[in-house]
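J.: Take this structure first; my questions come after.
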């Protein structure tokens, strides 16, 4: 029912400011999840089990971080058939993010530009929301740094968030690739990344001993990397035994949307224009990593065939964001069925 109604809902939502529509959708999904209405209206999604990072996934199609930054609608999203859910990015302290307007649709290109800036209610409220959810499937918790934390102290924020979310996460994503927090992408540099991952792995080992379980770490990287940078990141992942990598975040490139309304807005571009760049990074990572580190592919998936292409490039799992906004819940089932066909 959601799938058949979504085109009508989208027509109304797309007449609204993009961020207002986003918040309205979150409130509706949150309410639907709490009342059980989402389950009653959701499309049938077949099981297509996968085991990745030592975790059992109902199917390989997940929700990407960013749609539910505070973990307020986990049950609503889960009812739509996703094989796993990732929420965040969360920071140690609540922060408002960048000034509005900060989210722009480019429907001619099936794209979105956002410069949200890790707006969130802080890790304490985030953990409360996660604990309140009834969902018991694979749940990724995505962590970042506060905007006013100097980049030299970024590790402190990641370590603090890791400690807070660890008991409640199936896996934890280290987001160092958002273009909307000043200097954040510097952490992708070889020296900076080596130091950060060393600290996080040490913390992970101590938390595993404390809680009696090893929660995998995944690193989320940008599409705007040259071959040498991808090689350096891959080598660092292997050196520190990082359990997963998510490729990719949004792009700063505007090559594919030149001349379109809002194309010159600052921020990260997501959607169809990032599809090829994301796949290229996935292929390069797979060549460097072999089968040692699984890849979660995200960026520009608008069809089942797009999801299959991500897996063909080397991903073990995929995530949806902008395609889900444009296509709605039907895209989840379409991707799962296409992947299950092989």
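Cβ atoms here come from the backbone N, Cα and C positions, even for glycine.
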J.: Which candidate from 35, 248 does Swiss-Prot annotate alongside 65, 66, 67, 68, 69, 89, 142, 175, 220, 271, 300, 321, 322 at the FMN binding site?
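T.: Looking at 35, 248, the one Swiss-Prot places in the FMN site next to 65, 66, 67, 68, 69, 89, 142, 175, 220, 271, 300, 321, 322 is 248.
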J.: Go through 69, 115, 220, our binding-site residues, and report the one whose Cβ sees the most other Cβ atoms within 10 Å.
T.: 220
J.: Neighbour count first, Cβ atoms within 10 Å, every protein chain included; then name which of 142, 178 tops the list of recorded positions.
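T.: Per the Cβ count within 10 Å, the most buried is 142.
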J.: When you measure from the Cβ of residue 249 (substrate binding site), which residues in the chain that are at least 6 apart have a Cβ under 8 Å away?
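T.: In sequence order, 175, 177, 178, 179, 220, 221, 222, 223, 268 meet the Cβ cut-off.
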J.: Using other CB atoms within 10 angstroms as the count, which residue among the binding-site residues 65, 67 scores least?
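T.: Taking 65, 67 as the binding-site residues, the minimal 10 Å Cβ count falls on 67.
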J.: For the binding-site residues 117, 271, which one has its C-beta crowded by the most other C-beta atoms within 10 angstroms?
T.: 271
